[in-house]
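Remarks on the structure that follows.
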Amino acid sequence: MASKIIAGKPDDTEYEIIEGESESALAAGTSPWMNSSTLKLRHRIGRGPFGDVWLATHHQSTEDYDEHHEVAIKMLYPIKEDQRRVVVDKFEDLFSKCQGLENVCLLRGVSSINGKICVVMKFYEGSLGDKMARLKGGKLSLPDVLRYGVDLATGILELHSKGFLILNLKPSNFLLSDNDKAILGDVGIPYLLLSIPLPSSDMTERLGTPNYMAPEQWQPDVRGPMSFETDSWGFGCSIVEMLTGVQPWSGRSADEIYDLVVRKQEKLSIPSSIPPPLENLLRGCFMYDLRSRPSMTDILLVLKSLQNSEEEQVRRGIDSREIRKSSATLGYTEWFLSKDHLQVRDTVRSRKPANSCKHENMDVPEGMVVGLERDSTDPDGFVLVKVHGVHDPLRVHVSVLERVTNGLASGDWVRLKVRKDKRHSPVGVLHSIDREGNVAVGFIGLPTLWKGTSSQLQMAKVYSVGQFVKLKANVVIPRFKWMRKGRGIWATGRISQVLPNGCLEVDFPGMLPFGEEHGSYLADPAEVEIVNFNTCQGAVEKYQHLEDFHWAVRPLLIAMGLLTAMKLGICVRKKIGRSKDGKQRDGSTGQGDCKIPDGKGSDKSKWLVFF
């Protein structure tokens, strides 16, 4: 392919490459589309799941100047004709929104060469991965890690503010400028091509590099959604690699990494020699539930504090937050709680414990914030809440409260009032709701968060770990494979985990594990119903539900029944034996005895005892 493209270009002419970048092509209102005749491919410098990276020369010429610049071209693999316009529009939107971002690679424009869409960007001499490869041990010093980390977190935050996910964070995608500043080299191509059919049907390759992928990236439609905190995982992996010089999950295949990260939920080993605030930050980046990970704003705050030699101050802050987490935040991480800040006149209520279906202690059933004792952004602050029927405001720690807007709060189970797209589940989990009622919801079947308004939602039944569920009677073909009992009856399972999009992981303790059927199953919350002793009608159903708790219940009860029958039989036999012995000694006849002739005219009689 390369030789074919280069063979068709005109002969090279002598020119001088100008150092630096002309801003003329980046002026406001300038179209990002570049004429392919101004681009001359030189040689390929890289290859990835979406296409090849080429070193090229861009020729700009007007009446006032004639310039040539070295550029890097990301040439995408062929895209279907009916999707080309969609892709071009996405990249033009990206181009317009990324102008002026200091920590993101400079985009020059969009073009098409031999029918392939190309993203043209400034050429950088090397990457952070290249620099690490040249160092002894392949790792960076802590000051360098913090410095580069601040640069990169700033760039990621800039792209997040424009609504883009990166999904492919790794040292080889972190470019270095002439003044040794880390630049974000991937502008979120996996995210932009998420719904575009490509030659490769392997979703793993399309959504990032396995060694740096978050759990939800492997199956975003099922274990998603992907959100900004998905990039926190990849960023954490990159920081660990900078500190250790070892690639995450080095030497493992994609299938092995999937088994470790998604199924077994194992986390990367974090160096113990780093400052506690950084260690705590990295542990947060590797939380399985993306809602419990730090946002890029939190990451940038911690890195800047460490970089400015304020480690002791940060340590005190983090430690105090850990105490609050264990005593007052009901199982939520400090990163989860830091994503929303209370303001005066907010409606609030007590926060229910994590993985619980109901509030255990409603100190504040519902009230209004009337005062802030400290800065609202302080995770250890207190607020004054006015509760109906209570004269004086209550002084409550912010970590035990959640903001309520239009009757909804983050973490609530919701259902779409009108389901327009049948491909995704109508039941999901609310991830965020702002004060204007704009919502973001995770649904099975959608790789990213669904955006809408609270008026489109209604409350749904709550599911939590430990509950038993079964498929509804009207479900003929479930979304996911489900266990069956004998005679083809759907089995009842127990929820072992609730994923961020409402997908339920279910195991079947009432079924004896055998072969490939052993392990967890998945369920759509819209297709199941809760089973407990209150919902069971009659003794038979209650006994059947008792068997759902463990496969050993039935054999245990059978064994106990047999043992009881044996003991009863032995007792009866002994009693009969004692009764016979007594009758033979005294020759008396008790009630229920019948005298039967022996049939031979003898005076002797035989006694038959009925028992």
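A Cβ is built for glycine as well, from the same backbone N, Cα and C atoms used for every other residue.
What Swiss-Prot lists as ATP binding site is Ile45, Gly46, Arg47, Gly48, Pro49, Phe50, Gly51, Asp52, Val53, Lys74, and the listing cites sequence analysis. Sequence-distant contacts (6 or more apart, same chain, Cβ under 8 Å) of Val53 (ATP binding site) comprise Arg44, Ile45, Gly46, Arg47, Ala72, Ile73, Lys74, Met75. According to its DSSP assignment, Val53 (ATP binding site) is in a strand.
Residues annotated as compositional bias 'Basic and acidic residues' in Swiss-Prot: 595-606.
Per-residue confidence over the domain 'Protein kinase' (39-306) averages 90 (mean pLDDT, predicted model). Among the features that Swiss-Prot reports, domain 'Protein kinase' is placed at 39-306.
Here Swiss-Prot flags 579-606 as region 'Disordered'.
The annotation topological domain 'Cytoplasmic' is assigned in Swiss-Prot to 1-555 on the grounds of a curator's inference.
The topological domain 'Chloroplast intermembrane' annotation in Swiss-Prot covers 573-611.
Annotation comment: Swiss-Prot describes 556-572 as transmembrane segment.
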Cβ packing number for Arg47 (ATP binding site), 10 Å threshold: 10
Annotated ATP contacts Ile45, Gly46, Arg47, Gly48, Pro49, Phe50, Gly51, Asp52, Val53, Lys74, maximal Cα-Cα distance (Å, integer): 14
DSSP state at Arg47 (ATP binding site), helix/strand/coil: strand
Binding-site residues compared (Pro49, Gly51) - highest count of Cβ atoms within 10 Å: Gly51
